[in-house]
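Down below is the structure, laid out as structure tokens.
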Amino acid sequence: MCSINILSIQPLMDEIHVSPGTTKPQKTTSSPTTTVNTSNGTVNLSFSRDLADFKLDPIVNPRRDDLSGVFTENDMHHIPKTISVNVIENISGEPSSSVSQETDGLQYPVDKSPPTHMCIIYGLQQVLLSIGSTMSIPLIVSREICAGDLPLVKSEIMSTFIFMCGICTLLQTTLGVRLPIIQGGCHKFIPAVIALMSMPMWKCPDAESVLEHSNVTANGSDVITIDDEIWKSRMREIQGGIILASLLQVLIGATGILGFMLQYIGPITIVPTITLVGISMIDVALRFCQVHWGVSGFTVFLVFLFSLYLPNVTLPFPAFNRERKCHMTRFPFFKLLPVILAVAISIALCVVLTVTNTISPDPDSPQYFARTDARLGVIDAAKWFFLPYPCQWGVPTFSVSSFMAMLAATLTSIIESVGDYYACARISGVSPPPSHAVNRGILMEGIGSVISGVIGSGGATTSYSQNVGAIGFTKVASRRAFQMAALIFMVAGLCGKIGAVFTLLPDPILGGIVLVSFGMVTSVGLSNLQFVSLGSSRNLAIIGSSLIIGLMAPRYLASNPGCINTGNGEVDRVLTVLLSTAMFVGGFLGFVLDNTVPGTIEERGIKLWRKTFVVGDKCSPEVDTTYDLPLIMGCLRRQRWARYIPFLPTFRVDIGRRCKIMKKKYCCGR
């Protein structure tokens, strides 16, 4: 076999040809084709970049025993048509990245628009990829605000949330970072909501209080409808906290202070923060799963089967194009839609169990909400057209405790979104986002979350990593396709019947999805350990202590209500909410210890982490118009003041006061 070892990972190979050559070894470069002449043959390589920056070690191993002399036409059949290129290391001697950069295979790059009908299909595909993670958030929030037994209320909150996902995605792809990114529900706000609603003043009333406030019964069911003010007051408190925390996110994006923050936030801070988001949701998953362990376990099994065991299995699917007309193609259903398929099959199982009355029809039975007809009346009661509007649940209420509860979730979401932006740029085949694009992405994410708080969706939005990763196997990075996904979200949110359908999801199925989703959140947090030296006792002590204390503090406060008594009611509420939020306790402790305990930047993982995620303007290999704002670029370039606005494309001032040495060392590898 003929192989060439290239000591770089940057160029992407389009084609390789072997032809008879000269015996004199030499290397010449050209663009886009580079020819390497060896003593055994000539190899023509087509690269996306000039090869002058890379060194080659040609090793030709034909089948023939005699390696001397010159290849002839008769010898050519001994050499395979395909030559393997082995990536060893980059010129600096550091291990090469494992991230695949096969961007030449994109069917639709960022700035290319598919035909309208294909755009709808690609947009629907992205919606289906994200809806499984999104739909659990409003259902969990509904239960926390004492509306868990109000299907109509849950359907309206669901519709509002889906509608806001569309609004935020449209803002992000059009005016924000302008990369193909889906803005979905942020799971990091769920622990904050649970901590806030666990305070004595917001705990759901007992059965006797519910009977005192009840007025009607739900449509055709025995579920008692609680007075609207009971759940609306709690929703308004959540709205106020989301609005205030999101305004801070807007400030961070508008002023460009994110670079300053990244100097002190590293993987040792990120690991306990994100990891505790998933671990702290154990009680929520248990609450739904215990309704019927068989159904919830079956759902988890299907998700694992489709996403881990069968991702490369394709099934025949009818297709049409102008060249081949109607034909059959192979479609990776299990890779693209593992959650949706698992939910559909699990619902079918619940239908069978409901029809055969295997699950008790008694509303007092613990397994009752595993039936598919437990909330069927909400379909008739839901409106065909539902338009979310500002303050639809009343004017939001603001308090320091609700703001502090949402603050930790907001800061964590910002850091994760920055990583998503760079990952999306790499997989989409465009240059890394410059500082102005990152700032604008955070700004628009904050504005979208402010709007979500004002309208009352019960949560905020953030970039979805699973949709970023999906670009790699769908080969569709078109911005227009993701804008179409935003429109599909909005249309689905405007139809109240669609939101009502999601509320029919049996509790154990939702429990299985929550279990898998937050298991992935936990894994994402732990994955940041790849940057950290795990042989350091310093790092192990900080990470372990942050995780344990982050779990211990909320449990102690839950079992000892009222233990915090400073003499000031507002201070007590703020401290109670903060210490009841596991991700805040663990993240704050990790942040303080990581920045005060002596340690090198290599040991702390800061160097490798910054090299991966912190990239400055001058490190972009080429000028890319992907991040330019539509319609107004000509006007902005004529304005001198525009170069000092951190979120405008004309911005050229280094944010965060990062020195040039750090940029060259960490970003460009020079």
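For all residues, glycine too, the Cβ spot is worked out from N, Cα and C.
If you look up TrEMBL, you'll see 19-40 marked as compositional bias 'Low complexity'.
The region 'Disordered' annotation in TrEMBL covers 17-40.
Summarising the annotation, TrEMBL assigns transmembrane segment to 119-141 (among others). For the transmembrane segment (119-141), the residues of the chain that approach it from at least six positions outside its boundaries are 108, 113, 154, 157-158, 160-162, 165, 182, 184-187, 189-190, 193, 238, 284, 336-337, 339-340, 343, 457-459, 464, 466-467, 470, 474, 476, 478, 480-489, 492, 502-503, 505, 510, 513-514, 517, judged by C-beta separation under 8 angstroms.
Residues 110, 130-131, 134, 137-138, 388, 420-421, 424-425, 428, 430, 433, 437-438, 440-441, 443-445, 447-449, 451-452, 455, 457-459, 461, 463-464, 467-468, 471, 476-479, 481-483, 485-494, 498-499, 626-630 of the same chain, all 6+ positions outside the transmembrane segment (161-181), place their C-beta atoms under 8 angstroms from a C-beta of that stretch. Annotation source TrEMBL lists transmembrane segment at 161-181 (among others).
What TrEMBL records for 242-262 (among others) is transmembrane segment. Tertiary neighbourhood of the transmembrane segment (242-262): same-chain residues 189, 396, 398, 402-403, 406-407, 409-410, 413-414, 418, 435, 438-447, 449-450, 452-454, 459-460, 610, 613-614, 646-647, 651, 654-658, selected by CB-CB distance under 8 Å and a gap of 6+ residues from either end.
What TrEMBL lists as transmembrane segment is 293-311 (among others).
Residues or ranges marked as transmembrane segment by TrEMBL: 331-355 (among others). Proximity of distant same-chain residues to the transmembrane segment (331-355), defined by a Cβ-Cβ separation under 8 Å and at least 6 residues beyond the stretch ends, is recorded for 125, 128-129, 131-133, 295, 298-299, 302-303, 306-307, 310-317, 370-373, 470, 473-474, 505-506, 509, 512-513, 516.
Annotated transmembrane segment per TrEMBL: 484-503 (among others), in sequence order. Counting only same-chain residues 6+ beyond the ends of the transmembrane segment (484-503), those with a CB under 8 A from a CB of the stretch are 119-120, 122-124, 126-127, 135, 139, 151-152, 154-167, 169-170, 173, 182, 375, 378-379, 381-388.
Away from its own ends, the transmembrane segment (509-527) comes close to residues 132-133, 136, 139-140, 187, 270-279, 281, 284-291, 295-300, 303-304, 339, 342-343, 346-347, 350, 416, 465 of its chain (Cβ-Cβ under 8 Å, at least six residues beyond either end). Sequence annotations record features per position, and here TrEMBL assigns transmembrane segment to 509-527 (among others).
Through the fold, the transmembrane segment (539-557) approaches residues 195, 268, 271-272, 275-276, 279-280, 529, 532-533, 563-564, 576, 579-583, 585-587, 589-590, 593-594, 597, 599, 603-605 of its own chain, all at least 6 residues removed from its boundaries and within a Cβ separation under 8 Å. Among the features that TrEMBL reports, transmembrane segment is placed at 539-557 (among others).
Here TrEMBL flags 577-597 (among others) as transmembrane segment. Long-range Cβ contacts of the transmembrane segment (577-597) within its own chain (Cβ-Cβ under 8 Å, at least 6 residues beyond either end) map to 188, 191-192, 195-196, 198-199, 264-266, 268-277, 279-280, 401-402, 404-405, 407-409, 412, 538, 542-543, 545-547, 549-551, 553-554, 557-558, 564, 604.
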